[in-house]
């Protein structure tokens, strides 16, 4: 075994440079892989939106007739049909108007839904209103249940079988599930497939993030995560309202959403496995092959033997020994898990775009545009302050803006979008920060554990939004409080600014006491 200093991975592969053809190709392809995840998580805004509706008139009524109701019903319903969208006046013999009648009944003949905005959503398809309205947030929560399962399972699978196989398998799962979901014949079938789609969405997102982070140098890593991966996620989000505006039916919208996933599959032959992971598994020859191919793409000379035998042996021994030192980062994982509850705030505000005043397509696009601008701004500011301070500032800003809503309720729409600036910055920054905290041996699993805890909050977020039926401000109070609590916890994390990516658990930094 070598008695000299063991060089780290970044030092050994420094001859590749930072922005060669290989690095640019990896950044572009893996950023493209994040685009489907950007809209798959919030496509429910259009697929599950509730159109304006009212009770269908009785089959024995002289007013009965779907064509007439669709044309005139939404203007005249209040005067003759009933007091609300979940009840109607009882039929009286020889009546021409229901004015003054107090007897009402449930919508026994179903509902008529407006087609001004959508040709169909799952709500109008399966009458998910009134007593069945709970099924809408429940199906959304099942998506995040799938995300929770995927966050936990994909981390273990990726650390065991490799980043690349998990990335492509889960991309296929997400894509195929969306196509099958478009053929759903019942709400139950739709909800089960929603869970599977969530599993594929988060698994492919995390796998691509880790794969790119482990192949790129320290100076390129932050640029990749913020201007590549996160920006790809944001662009995917911004494309959603554009697609939804021209495709007004939920089935064809899901079909269109699946297409980019299929386009990504052929890149299997261009994206290699993580050489860091291959070294950690003792597959030195395969790791060297990846580095040699990268050198060929970049047109730079590479040593015939990149990883010396004694150096590799020492690295593998250290990898093995660090598995016995898991307690060194247990507290760090706990802090990460608590901090990632900010996901609840991010998805809560993103899914809420259909509930804000104004055009739902414009609101969704503005929300996505905020994300894109914030990702670029975060990239510009990220190295100007310690990591914990930056995270604290963004989360505290979000929390304050959301809590101010209760003092200025007429400014709800503006304050909610301004608050989203803070949580969007925190959401993309978290992936940079936690990637730097986690060592290679358990990086994907560690980020998966943090993400698993986060999805518990994401599962709850649709129901918190549903509470706006009773109090429009209450969801924002909860989101603001959670954001401030996460900001306080963030100050316990160590600063990893300008630090090398740790390969071993013993190289990780401890939390502040």
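Glycine is no exception: its Cβ is also placed from the backbone N, Cα and C atoms.
Residues annotated as transmembrane segment in TrEMBL: 21-47 (among others). Residues 118, 121-122, 139-140, 143, 147, 167, 171, 174-175, 178, 197-198, 201-202, 204-205, 208-209, 211-212, 215-217, 220, 223-224, 228-241, 243-244, 250, 253-254, 257, 260-261, 264, 267, 270-271, 293-294, 297-299, 347, 350-351, 353-354, 360, 364 of the same chain sit 6 or more residues outside the transmembrane segment (21-47) yet have a Cβ under 8 Å from a Cβ within it.
Marked as domain 'Major facilitator superfamily (MFS) profile' by TrEMBL: 95-498.
Look at TrEMBL and you will find 136-154 (among others) tagged as transmembrane segment. Away from its own ends, the transmembrane segment (136-154) comes close to residues 41, 44, 48, 50, 122-123, 128, 166, 170, 187, 190-192, 194-203, 206-207, 347, 351, 444, 448-449, 451-452, 454-456, 458-463, 465-466 of its chain (Cβ-Cβ under 8 Å, at least six residues beyond either end).
If you look up TrEMBL, you'll see 166-190 (among others) marked as transmembrane segment.
As annotated by TrEMBL, transmembrane segment applies to 224-247 (among others). Counting only same-chain residues 6+ beyond the ends of the transmembrane segment (224-247), those with a CB under 8 A from a CB of the stretch are 26-28, 30-39, 42-43, 45-46, 205, 208-209, 212-213, 216, 253, 256-257, 260, 350, 360-362, 364-365, 367-369, 371-372, 375-376, 378-379, 382, 428-429, 431-432, 435.
The annotation transmembrane segment is assigned in TrEMBL to 253-271 (among others). Same-chain residues lying 6 or more positions outside the transmembrane segment (253-271) and placing a CB less than 8 Å from one of its CB atoms are 25-26, 29-30, 32-33, 35-36, 39-40, 43, 46-47, 164, 167-168, 171-172, 174-176, 178-179, 181-182, 211, 236, 243-244, 247.
Sequence annotations record features per position, and here TrEMBL assigns transmembrane segment to 315-335 (among others).
Annotation comment: TrEMBL describes 360-382 (among others) as transmembrane segment. Here the transmembrane segment (360-382) has Cβ contacts under 8 Å with residues 42, 45-46, 49, 117, 222-223, 226-227, 230-231, 233-235, 237-238, 240-242, 244-245, 349-350, 353-354, 390, 417, 420-421, 424-425, 428-429, 432 of the same chain, all six or more residues outside its ends.
Residues or ranges marked as transmembrane segment in TrEMBL: 389-408 (among others).
What TrEMBL records for 414-434 (among others) is transmembrane segment.
Sequence annotations record features per position, and here TrEMBL assigns transmembrane segment to 446-467 (among others).
Taken from TrEMBL, the feature transmembrane segment applies to 473-493 (among others).
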